[in-house]
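Here is the structure we will look at, set down as structure tokens.
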Amino acid sequence: MMNRFRKWLYKPKRSDPQLLARFYYADEELNQVAAELDSLDGRKDPQRCTLLVSQFRSCQDNVLNIINQIMDECIPQDRAPRDFCVKFPEEIRHDNLAGQLWFGAECLAAGSIIMNRELESMAMRPLAKELTRSLEDVRGALRDQALRDLNTYTEKMREALRHFDVLFAEFELSYVSAMVPVKSPREYYVQQEVIVLFCETVERALDFGYLTQDMIDDYEPALMFSIPRLAIVCGLVVYADGPLNLDRKVEDMSELFRPFHTLLRKIRDLLQTLTEEELHTLERNLCISQDVEFPIRADVQGPAALAPALSAPLPPEGPLSAKAKDPDAELACSMQYDDQELEQLSRMVHRAGDEMSSLLSPPIACQSPAHRPGAEGSPGGEASPGRPRLRSGSDEEERVFFMDDVEGTAEALARPESPAGPFGWAGSTWADPQEKGQGGPGGAAGISLPASEKEEDLSNNNLEAEGTDGASLAGTSSCSCLDSRLHLDGWEVGADDAETAEMIAHRTGGMKLSATVIFNPKSPTSLDSAVATQEAASEPVAEGMDGGPHKLSTGATNCLLHSCVCCGSCGDSREDVVERLREKCSPGGVIGASYAAGLAKASDRAPERQEEAPPPSEDASNGREPKAPTSDKCLPHTSGSQVDTASGLQGEAGVAGQQEPEARELHAGSPSAHEAPQALSGSSSSTAGSCSSDKMGPEAAPAATHAAPQATREKIRSRFHGSHDLIHRLFVCISGVADQLQTNYASDLRSILKTLFEVMATKPETDDKEKLRKVTQTLRSAALEDCALCQETLSSSELAAKTRDGDFEDPPEWVPDEACGFCTACKAPFTVIRRKHHCRSCGKIFCSRCSSHSAPLPRYGQVKPVRVCTHCYMFHVTPFYSDKAGL
């Protein structure tokens with residue numbers, strides 16, 4: 001009864017501007033909405049329930065904002081520190097955050113659990129309960145004080161506010177940290193490095209003319225796409241020691257680029273092969289906001305291995321020629337991703353994926369022996385005990401665009417599964433060459449082709465070969481991602497392996513395809529590829545001299561010739577092949593470090609394998625070379641270690657002394673030996689291996705080291721059909737990475753670009769300052785001579801300091817009504833209709849038209865807007881026209 005009487009007697013007015021009075025009515029409104037929400041059945045009237053919940057959240061925001069103002073006024077020196085708020089993302093820091101935290105605390109205190117945050121919810125529940133209790137105590141103390149004295153803050157109320165402020169700050173940090181990632185100081189430092197990289201990129205783009213200063217000053221929307229793309233290029237090749245330094249640990253990279261570490265490494269290797277003009281062409285294409293085409297430049301010649309492929313156009317019936325002639329296949333990633341462009345890009349990517357699948361598996365019309373049943377008499381058709389099988393599962397790695405789909409299969413096929421082969425090659429791989437060569441027409445090693453079909457197949461693939469040796473020679477460029485056990489006399493691979501390749505090709509769509517098509521899988525750097533073996537020259541000669549029916553089908557030959565499209569198996573020129581054979585087969589050759597553990601097992605089996613091979617002199621006299629164990633021509637590296645071939649293994653086991661004379665005899669004596677390198681150099685797909693310096697003789701090491709960069713560059717570039725193809729695929733991959741940042745890291749990228757625009761925007765020059773000073777002087781001349789405020793010399797900062805200290809000035813004296821019969825500004829006489837109005841700023845009398853503005857006057861203690869004249873509003877109230885308040 002006493003409280004009701006006190007409430008009726010001391011209840012503050014609704015129009016009272018004091019904080020306690022405003023809190024009282026805001027709290028009353030919150031209680032009313034809460035009571036109505038409790039009494040409402042949400043199932044009967046869901047719309048009304050939704051409306052009340054929204055209103056309830058709004059009332060909570062209002063109450064907390066007023067409490068925050070009271071704490072600023074009551075305990076300004078005792079506020080809990082909130083420096084951690086700078087680590088919150090921009091979308092979190094808004095005015096409604098306090099209300100959301102209150103709502104979340106009540107839900108947690110009631111027993112609710114944040115979705116996918118069970119552990120964090122259980123850890124925060126005690127704090128949430130304590131926070132809600134403290135908030136109720138604060139509300140009760142403020143309500144009670146509002147009914148007593150609006151101008152007094154008791155010590156009890158101050159203590160309640162301090163306790164609540166500490167709890168609320170602690171809960172804010174815990175709740176936001178559980179919901180969104182909060183950066184550490186190290187991550188902020190790395191992000192600042194990225195900002196510096198972006199600024200340097202824009203500075204370089206301005207110097208080269210890629211961008212204009214007007215685009216930056218106008219905040220051109222296309223820059224949201226152009227700048228990240230250019231930053232990737234600059235970070236990889238121009239400022240290689242910056243935040244995109246791939247030689248550092250992955251953990252030290254910015255979280256923006258950390259998921260793309262593998263892809264960025266391969267992009268960097270390709271960027272390093274570009275000429276300066278090609279780099280400028282790529283950067284210009286990355287800046288434009290329309291579909292781009294990559295013309296073939298006449299001044300930049302492709303590598304020697306690509307000369308025949310570029311000179312002769314592909315026929316329309318070839319699978320790759322259809323891709324090259326299709327304009328959609330050359331569609332570049334545009335910066336403006338509207339629905340139509342996304343649909344076109346999706347169609348193009350899936351079409352390329354279908355073509356990829358056709359490359360990975362032979363055409364149905366020309367079914368290869370790999371898809372034939374194993375009952376046709378071929379030794380490879382049966383499942384040998386040593387045949388490697390695909391493993392059901394592989395180690396989970398950080399995959400970018402699912403690039404490892406293909407390389408995972410290659411690794412699984414290369415892993416040892418039985419003691420029969422220490423390196424995963426066993427069974428029919430080591431079979432007697434005579435057994436393979438005398439299979440007869442009925443063998444399933446391959447199908448013979450008429451001469452016309454052979455010539456047509458060779459011409460379709462731009463292969464310069466003579467006679468019938470070209471069809472069998474095409475098999476020398478087989479690669480691991482297509483078939484781990486391809487032989488020149490047939491495809492000895494199980495149906496499971498081929499089906500797995502088809503499944504991988506079917507999955508390889510979207511940006512996954514671009515990463516798989518362009519780069520050699522599982523290669524630490526594109527400079528280190530696979531190592532060519534002696535079979536590159538020896539086996540084609542054997543097949544050519546044999547003249548047997550063991551020829552690849554048209555589909556198989558077509559697939560093998562273009563195997564570089566799917567795994568990057570590329571080749572050397574004629575001289576490189578012969579030189580590599582000499583260096584590779586030297587007596588001083590050693591095996592790679594990654595396979596050192598297998599040497600012990602291999603050496604135990606070396607005598608048996610040596611007996612299987614016929615003597616080299618006998619084979620040389622017959623025009624045939626001994627069959628070395630068939631191995632992958634483009635076996636990918638793992639963990640940066642060198643991968644040796646089976647011929648190198650045999651040389652280490654004791655046959656290396658015989659291999660060097662054989663290689664030289666092959667080069668000097670046999671006519672077919674000259675055809676093999678020539679055909680290899682003319683094909684668009686040849687071996688991309690590189691011999692490391694430790695496998696060469698001492699006299700050849702310095703020269704090879706000197707020529708290594710240029711040779712490696714040519715090997716990498718030979719994987720592409722030309723400069724335009726390389727630039728186009730780099731454009732697609734770089735755009736894919738940069739545009740992913742817009743989706744995955746929108747907040748960080750927005751913060752980086754915001755800082756970038758603040759730094760790179762045009763600063764006001766001296767001339768602009770002079771113009772501003774002249775305008776200010778002109779406006780000052782319009783000041784009234786009889787205005788006391790215009791004659792003051794106090795600056796705005798001094799007035800602000802006086803206002804902050806609470807030293808309010810006395811309002812000006814009003815001019816008496818009877819002393820003025822005209823408007824001070826327009827001199828219009830006052831009538832019954834045109835009434836008098838006093839300006840609260842200067843105290844003079846004006847008509848309603850000349851005093852139509854309202855503004856607060858903090859220097860006089862007026863917090864709410866009051867009537868002021870036009871002159872005071874323009875020159876004394878708002879700071880837009882002068883740097884002094886006392887004009």
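Using the three backbone atoms N, Cα and C, a Cβ is placed for every residue, glycine included.
Annotated ubiquitin cross-link per Swiss-Prot: Lys87, in sequence order, evidence recorded as experimental evidence. The annotation region 'Disordered' is assigned in Swiss-Prot to 308-327, 354-396, 412-474, 599-714. The phosphoserine annotation in Swiss-Prot covers Ser334, Ser586. Marked as phosphothreonine by Swiss-Prot: Thr516, Thr870. The annotation compositional bias 'Basic and acidic residues' is assigned in Swiss-Prot to 602-612. Taken from Swiss-Prot, the feature compositional bias 'Polar residues' covers 638-648. Taken from Swiss-Prot, the feature compositional bias 'Low complexity' covers 681-693, 700-711. Swiss-Prot lists 817-879 with the feature zinc finger, giving sequence analysis as the kind of evidence. As annotated by Swiss-Prot, Zn(2+) 1 binding site applies to Cys823, Cys826, Cys847, Cys850, with the evidence given as sequence analysis. What Swiss-Prot lists as Zn(2+) 2 binding site is Cys839, Cys842, Cys869, Cys872.
Shown here: features listed in Swiss-Prot, placed on the structure.
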residue : record                : Cβ neighbours (10 Å)
Lys87   : ubiquitin cross-link  : 18
Cys823  : Zn(2+) 1 binding site : 22
Cys826  : Zn(2+) 1 binding site : 12
Cys839  : Zn(2+) 2 binding site : 26
Cys842  : Zn(2+) 2 binding site : 24
Cys847  : Zn(2+) 1 binding site : 22
Cys850  : Zn(2+) 1 binding site : 20
Cys869  : Zn(2+) 2 binding site : 28
Thr870  : phosphothreonine      : 16
Cys872  : Zn(2+) 2 binding site : 26
Mean of pLDDT values spanning the zinc finger (817-879): 86
Cα-to-Cα gap, Cys839 (Zn(2+) 2 binding site) vs Cys826 (Zn(2+) 1 binding site), nearest whole Å: 14
Euclidean distance between Cα atoms of Cys869 (Zn(2+) 2 binding site) and Cys847 (Zn(2+) 1 binding site), Å: 9
Rounded to the nearest Å - Cα separation of Cys826 (Zn(2+) 1 binding site) and Lys87 (ubiquitin cross-link): 55
Cα proximity to Cys842 (Zn(2+) 2 binding site), best match among recorded positions Lys87, Cys823, Cys850, Thr870: Thr870
For Cys872 (Zn(2+) 2 binding site), the one of Lys87, Cys823, Cys850 that lies nearest, given that the recorded positions are compared by Cα: Cys850
Between Lys87 (ubiquitin cross-link) and Thr870 (phosphothreonine), the C-alpha gap once rounded to whole angstrom: 44
Cys869 (Zn(2+) 2 binding site) versus Cys823 (Zn(2+) 1 binding site) - Cα distance in angstrom: 11
Rounded distance in angstrom between the Cα atoms of Cys869 (Zn(2+) 2 binding site) and Cys850 (Zn(2+) 1 binding site): 6
Cα-Cα distance linking Thr870 (phosphothreonine) and Cys850 (Zn(2+) 1 binding site), given in Å to the nearest integer: 6
Local backbone state of Thr870 (phosphothreonine), from DSSP in three classes: helix
